[in-house]
């Protein structure tokens, strides 16, 4: 398994969905960064179940424990170890259907790759539960990149085919705080909630699109040719379970434009070189260009549904069917927002350190 990400700001994820805990070790955080457990907890609370409409009935406190690397509310420069204990575990449904591989899940591929020794309960290492560790690391990264003025904002841009109309950047956070699905378009938000409720009643699930923007990025983040800004972001974001696509700026839409329409013309704005449009999504040649970073992330429908689905029994090697009765989200898109934000912050922190923009000791 590959469980680490990053070069200088490096995270190592550990834990399983129904194991004792989930957590993360973060290496390379500069000393002197002011951070306390409450700041990390705020980010973790955004992704936990029960915070948004029709999330899994599995309720976890998700209280963070700091094992190392933070002393007197400052980072010490040592590895930071953060842990959340799993307390509300019910593996009975997974034991009942253990031999039946769940369509849309990693049960089959995990079984084949690890010879059946992998922890299958709740999806084990393949579960969205492990993203609690990603979000904890993202909270540290968010605080670190804030020292150079970078802000990262994610939101639900589309859910079940309902598309949000986006307000100005300054209004997004305020609107999201009033939405049950992290959508800045409050009219679309109500429609999304109703659609989630309908899908839940029908025993089905929904997917959608998360958008993430990064503001105030300096020019120069990204290490061509193999560690480009979009390459590192795509790798990190694809580590989120259920993500099936990532695009930047105009993305695949650029393939349908002429160069005269896709190119972003340069001009001088407040003594800075900027572009009058942003089809490149803030990245040119794999390097940040000073414009807002714009990422779109496709999230597939939750594969755990209560409708009967054809599958295979691994023990008997026969065709069978499966109805999933466990505790699952009808739509994970609203909860995925905080994870996409976290992975974006982690990559930006790593690349800012590699570029020498963030020092090894933070002086207040």
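Note: Cβ is positioned from N, Cα and C throughout, glycine not excepted.
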Site-mate of 125, 126, 127, 285, 300, 301, 302, 303, 304 for FMN in Swiss-Prot, selected among 98, 258, 327: 327
Position of peak Cβ density within 10 Å, selected from the binding-site residues 125, 300: 125
Distance in Å spanning the most remote Cα pair of 125, 126, 127, 285, 300, 301, 302, 303, 304, 327, given for FMN: 44
Chain-internal residues, separated by at least six, CB under 8 A from residue 47 (NADP(+) binding site): 131, 132, 135, 335, 338, 339
